[in-house]
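*Asks:* What follows is a structure written as structure tokens; I'll ask about it next.
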Amino acid sequence: MSVTYVNALIFTGDRILNDYAVVTENDMITAVIPQSEVKDTDEQIDLEGGFLAPAFIDLQIYGGNGEVFSLYPSVKALAATYEYSRAGGAAHIMPTVATHSPEIMLAAMEAVRAYWQEGRKGVLGLHLEGPFINPAKKGAHLPKYIRTPTQEDIDWILANGKDVVKIITLAPECCDPALVKQLQEAGITVFAGHSNATYAQAYTSFENGIRHATHLFNAMSPLESRAPGLVGAIYNHPGVFASIVADGIHVDFAAVSISHKIMDGRLFLITDAIEENLEGDYIYIKEKDRFVGASGVLSGSRLTMLQAVHNCTEKAGIHLHEALKMASLYPARAMRLDSSLGRIEPGFKAAFIVLRDHWKMSVYC
């Protein structure tokens, strides 16, 4: 069915269009035309002067709407997480499992497959954050599940996660580069994270093909004058993307601003959002605007992608258009999905947000 969106100021991801309309059919954008060319017979959605922009993409989220997918993976938990994300402007997500047992990882893989088989939309694949991380930078991850990868581990992931696992976060200094290469050759995007790598170790891993990093500053070797660490390597390598949690808790807003000035289009937003869980191995306790583990360590956010964009513009001094790209075009580009996501152009997915006064938002996808 063809639907035309009219009466909006359009941010395409590159430029602003006034007095234009967006024509869609079967969830795809088929044309962006002058509003004067819209036919009266077309089915129209009047956006009443709102600001139309590409919907957001969240590449790291553990749960939402009362469900913790990362701990209790199921289609139900995945659907609840997606609805939480969608309400915050994210039309596409990468549900994430923190370092856990093979049984939980397998259940998550099967849940994503079942979700797709039911014809549900919005889930791009699975993000495994661990278990191949550095215990020195475990953060809220449980040490008993952390491991150094073997050939058998890689074979297991490739056999069970084929076409489902899209991202793996690992500590490059703890992993055989030959095993990392096998993951990449299978189409999995490898992120450096939960890592205590030296600058030299990190930069070498980037030169060897790792081109992404997970939640900049958090659970990684810091930038110091005599030890630039993973943060310094991320800043200094022109081909590396990094996600960041822009809530003012995981990362100070000044650090968000500084990082954006250094990295520009290589920096993108995630929520790192979780839900409360008070039993089992992983404890997530809600404390006002964050979640902490049983020991008090920071373990997740209460962000939505819209809140992250708002924080970037209002508290980190980043222009709205750029903050929108940090939530849409840049994560799409990081995952090489920018030929179908992150812009309002013919041939792209029809997934939009509409912003109005006081940051009120509607989502169309």
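Note: Cβ is positioned from N, Cα and C throughout, glycine not excepted.
Pulled the feature table from TrEMBL, pasting it below:
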| type | residues | note |
| --- | --- | --- |
| DOMAIN | 52-355 | domain 'Amidohydrolase-related' |
| BINDING | Glu129, His194, His215 | Zn(2+) binding site |
| BINDING | Ala140, Asn218, Ala219, Arg226, His250, Leu298, Ser299, Gly300 | substrate binding site |
| ACT_SITE | Asp272 | active site, proton donor/acceptor |
*Asks:* Per DSSP, to which secondary structure element type does His250 (substrate binding site) belong, with helix, strand and coil as the options?
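*Replies:* His250 (substrate binding site) sits in coil per DSSP, no helix or strand.
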*Asks:* Sort out the sequence-distant neighbours of Glu129 (Zn(2+) binding site) for me: same chain, 6+ apart, CB within less than 8 Å of its CB, listed by position.
*Replies:* Gln60, Thr96, Val97, Ala98, Thr99, His141, Thr169, Gly193, His194, Thr214
*Asks:* Which residues in the same chain, at least 6 apart in sequence, have a Cβ under 8 Å from the Cβ of Ala140 (substrate binding site)?
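*Replies:* In sequence order, the residues whose Cβ lies under 8 Å from that of Ala140 (substrate binding site) (at least 6 apart) are Ala98, Tyr282, Gly293, Val297, Leu298, Ser299, Gly300.
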*Asks:* Can you give me the residues near the recorded Zn(2+) site, meaning same chain, not Glu129, His194, His215 themselves, Cβ no more than 8 Å from the center of the site's Cβ atoms?
*Replies:* Gln60, Ala98, Gly130, Ile133, Gly139, His141, Thr169, Phe191, Gly193, Thr214, Asn218, Ala219
*Asks:* On a count of neighbouring CB atoms within 10 A, which of the binding-site residues His194, His215, Arg226, His250 is highest?
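*Replies:* Max Cβ neighbours within 10 Å, all protein chains included: His194.
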*Asks:* How big is the Cα-to-Cα gap, in Å, between His215 (Zn(2+) binding site) and Arg226 (substrate binding site)?
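*Replies:* The separation of the Cα atoms works out to 23 Å.
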*Asks:* Return the average pLDDT for the domain 'Amidohydrolase-related' (52-355) as a whole number.
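*Replies:* Taking every residue in the domain 'Amidohydrolase-related' (52-355) and averaging pLDDT yields 97.
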*Asks:* Would you mind ranking the binding-site residues Asn218, Ser299 by how many other Cβ atoms sit within 10 Å of each Cβ and giving me the lowest?
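*Replies:* Counting other Cβ atoms within 10 Å of each of the binding-site residues Asn218, Ser299, the minimum falls on Asn218.
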*Asks:* Among the binding-site residues listed here, Ala219, Leu298, whose Cβ has the fewest other Cβ atoms inside 10 Å?
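*Replies:* Result for the binding-site residues Ala219, Leu298: minimum number of other Cβ atoms within 10 Å at Leu298.
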*Asks:* For the residue listed as 'active site, proton donor/acceptor', write down the residues of its own chain that are at least 6 apart in sequence and whose Cβ falls under 8 Å from its Cβ; none is a fine answer.
*Replies:* Gln60, Ile61, Tyr62, His215, Val245, His250, Gly300, Ser301, Leu303
*Asks:* Whole number in angstrom, please: the longest C-alpha to C-alpha distance across Ala140, Asn218, Ala219, Arg226, His250, Leu298, Ser299, Gly300 for substrate.
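*Replies:* So the binding residues stretch over 30 Å, Cα to Cα.
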